[in-house]
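These notes concern the structure reproduced below.
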């Protein structure tokens, strides 16, 4: 599903590379936590998977494709198989819940009938049935994140990338979100989640990948968050 | 779904930037109107050239009886006309010589009566036309050259010859007028270029503002895998719609401009009957070009701006 071979990434005007010689593989259906302090390279790792950045050295394979050799115009096709969730939800404030989710299908040209069927279905899945016509501003943080997850999942991606999805939420709400991500993972979708949330990582006991100053320092099946952070 | 979706996005975008959109429309309209005007002006010069150059290139004015010893107006007799009016023999000689010249294509002889008639046609109502009589007019040979540039040949051959009053290159008189029109044309094109730069900068700025205010949408579109065409189209269509509106306004300006200058308002057609003005068909034939440029130019500007301000 995802394979990094000796991947390094340095940004111009920065002495220290953001990622240094990272090699790892993530299989289909896995649930992986990505941990590490700020500036450890988590975001760069995710951006490389999304092909928002290209690796300076080494090879990144996502969904069986070598991203270095993927031409620009094929990137959108690749991204349609990925779902993305962020800490700040990134909903459109002037669209309703249903419209926000439908937006992800409209802009890739899905037929209207399909959208009408898929949107209520995915909203039910995330536990927002009956709130289709609410505006994002009327929802709690947890509910807004559920909308964002619904939008990321509505196109049934193979891989869900979550960048600190519980970063803005209280512990109880976070647990609900994690349950939802777990349920999505059980449908066969690979989930890669960057997080700072120690409790969640310790409770879930999933694979943990730890980055430190751009290096891969730990790759542990059924791991915990770690102690020093 | 897709068409409706895109159209609603364009509507929202245009309304959001209403002042900018308005500025784009006005600047595009002005630059295109000047462009169209310059094109029409060139056509006008061309039409006038055709009209005059086709008819005659060089005129040889012959001595009339008034030229000898002072004439009616008391003008001093010119040297070659000192012996009075031209004799029929001299006339025939000139005619024969003209026909021998290889550069000459055709020779018309204009009698004093004809000259009087034409003069009346041109300046019918003026005071001077009412006191002039046919016998004051000069007879002349009107010569059409194969190549209008070869005026010198005729001039050197006939100027100063007995019975010849003067040789005149018609182009010289017209050339000043054409030069003036060409000058106006260049001025119009310069203003157009300036307006065009303003229009393009406005479009680039509009796209930048638009891309910024819609960065949430475009960011999400990018993440869920919308094609760059789909992401860029609303911006380009916005520019295209504004540009097309500008083009339509420019067409209106050109049509009213022709009406005001030639038919109504200044009524040049009536006050300058000698001039062969371009018709409505010429104006109408420029309009499609104006509209197409109005549509394409802002779209291209938007596309260039998007490369800079919208990373896809």
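A Cβ is built for glycine as well, from the same backbone N, Cα and C atoms used for every other residue.
The transmembrane segment annotation in TrEMBL falls on one of the ranges B:20-41, B:42-63, namely B:20-41. Matching B:225-243, B:244-262 against TrEMBL, the residues noted as transmembrane segment span B:244-262. Per TrEMBL, the listed range annotated as transmembrane segment is B:186-207 (candidates: B:164-185, B:186-207). Among the recorded stretches B:20-41, B:244-262, B:282-306, the one sharing the largest number of Cβ pairs closer than 8 Å with the transmembrane segment (B:186-207) is B:20-41. Note on the domain 'FtsX extracellular' (B:56-167): mean pLDDT across this stretch is 73. With a threshold of 8 Å between CB atoms, the same-chain residues lying at least 6 positions outside the transmembrane segment (B:282-306) that come near it are 24, 28, 32-33, 35-36, 39-40, 43, 47, 196, 199-200, 203-204, 207-208, 211, 232, 235-236, 238-240, 242-244, 246-248, 250-251, 254-255, 258, 312.
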